[in-house]
Amino acid sequence: MIKIVGLVGWRGMVGSVLLKRMQEENDFSRIKPVFFSTSQFGQDGPIINNISYNILENAYNIDVLKEMDIIITCQGGSYTKEIYPTLRKNGWKGYWIDAASNLRMKNDSVIILDPVNYNVIEDSINKGIRTFVGGNCTISLMLMSLGGLFQTELVEWIAVSTYQAASGAGARHMIELLNQMGILYKSVETDLLKGSHSILSIEDKVTKISRSVNFPVKNFSVPLAASLIPWIDTEMSNGQSREEWKGQAETNKILGTKDTILIDGTCVRIGSLRCHSQSFVIKLKKDVSLEDIEEIIRNHNKWVDVIPNSIQDTLLKLTPSSVTGTLNIPIGRLRKLNMGKKYLSAFTVGDQLLWGAAEPLRRMLNILINI
């Protein structure tokens, strides 16, 4: 029987990417979609595959939401906080798929990344779990790249440095970054075109403008263009940022590990638009040849791509500009470190809006509609 699927937050950045992927994979032919809105209910809905969905339902109408077999939401944490418990208290037994982080660590939820933890997902469905939540973007991208090493239980611990895109903070942040870039360029455009000023004088002008009170920093609080921000999310009592705390907590929940795999590091915001990059130092449980490591990683899933550790391959294939908008998960800079034969270096890049956000939700929907 075709399931009725409610879609909430489909106009936003993650929701828009989700809808595009669903159209590309012809997912709408397998469901009866109902589109909801928090602010424009009653207005015309979208046109999907030449089918017009005329009326947007009220995303706060519990009675209508209760009619859904599945609800998939990219509306954000505030919506989840208000609606999810109310729905459950009103007896709704449907499946809830969520991009927001609120429910990730709840005992009655599963963090979804089926190429990595399909067995965990399948087991949870059989046990009656009905809440499925997308993971933190960097963690999902890490697991997609290193999934083979986790699957073969080779990882003792990981130290990670992230280089996270503006998209992870939201659409307004992306716009602010581009505005910052534009202001900095315009301030020295004439100097660059004429070539009459030294680069140091140009740099000095750029720096002064980025420090001025009129520079747009409403969203990031500080300049990101021509800079970086070595803190993401809130502050924890142990000195970690919450983004750094998620690394170990969410990874172990996703994998369903009995013994905790230690993961820690520093999360940094950079001027990339929508691709996160990560640098890993991995302590292996035993010495494994680099050739075998590459084979283990390569064989885990069809999206991961082992990049040869050469200058040319790295520059061409292991950058945000080469990965943005694709499902590819390149991993490179693979080499043993001077610390010993069990110490491995790796670097990976992935699209924050695809495998980092929308794609696990889409794939979870397909798992549920096939039940």
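Cβ atoms here come from the backbone N, Cα and C positions, even for glycine.
Among the features that Swiss-Prot reports, NADP(+) binding site is placed at R11, G12, M13, V14, T38, S39, Q75, S167, G168, Q352, with the record citing sequence analysis. If you draw a 10 Å sphere around the CB of T38 (NADP(+) binding site), it holds 17 other CB atoms from the protein chains shown.
All chains included, 23 other C-beta atoms sit within 10 angstroms of the C-beta of K246 (phosphate binding site). Mapped onto three states, the DSSP output places K246 (phosphate binding site) in helix. The annotation phosphate binding site is assigned in Swiss-Prot to R104, K246 on the grounds of sequence analysis.
A 10 Å cutoff on Cβ-Cβ distances gives C137 (active site, acyl-thioester intermediate) a total of 27 other Cβ atoms nearby, all chains included. Taken from Swiss-Prot, the feature active site, acyl-thioester intermediate applies to C137, supported by sequence analysis.
Residues annotated as substrate binding site in Swiss-Prot: Q164, E243, R269. All protein chains included, Q164 (substrate binding site) registers 25 other Cβ atoms within 10 Å of its own Cβ.
Under the heading active site, proton acceptor, Swiss-Prot lists H276. Within the same chain, residues at least 6 positions away in sequence whose Cβ sits under 8 Å from that of H276 (active site, proton acceptor) are C137, T138, L141, T162, Y163, Q164, A165, G168, V349, G350, Q352, G356.
Residues Q164, E243, R269, recorded as binding substrate, reach a greatest CA to CA spacing of 11 Å.
Around the Cβ of R11 (NADP(+) binding site), the number of neighbouring Cβ atoms within 10 Å comes to 18. The local packing around R104 (phosphate binding site), expressed as other Cβ atoms within 10 Å of its Cβ over all shown chains, amounts to 22. Just so you know, the Cβ of E243 (substrate binding site) picks up 24 other Cβ atoms within 10 Å once every protein chain is counted. For the recorded substrate site, residues Q164, E243, R269 set the reference point as the centre of their Cβ atoms, and the other residues of that chain within 8 Å of it by Cβ are T138, T162, G168, A169, I229, W231, I232, D233, C267, V268, H276. Fewest other C-beta atoms within 10 angstroms, among the binding-site residues M13, G168, R269, are seen around M13. In sequence order, V8, G9, G12, G15, T38, A59, A100 make up the list of same-chain residues 6 or more apart from Q75 (NADP(+) binding site) whose Cβ falls under 8 Å from its Cβ.
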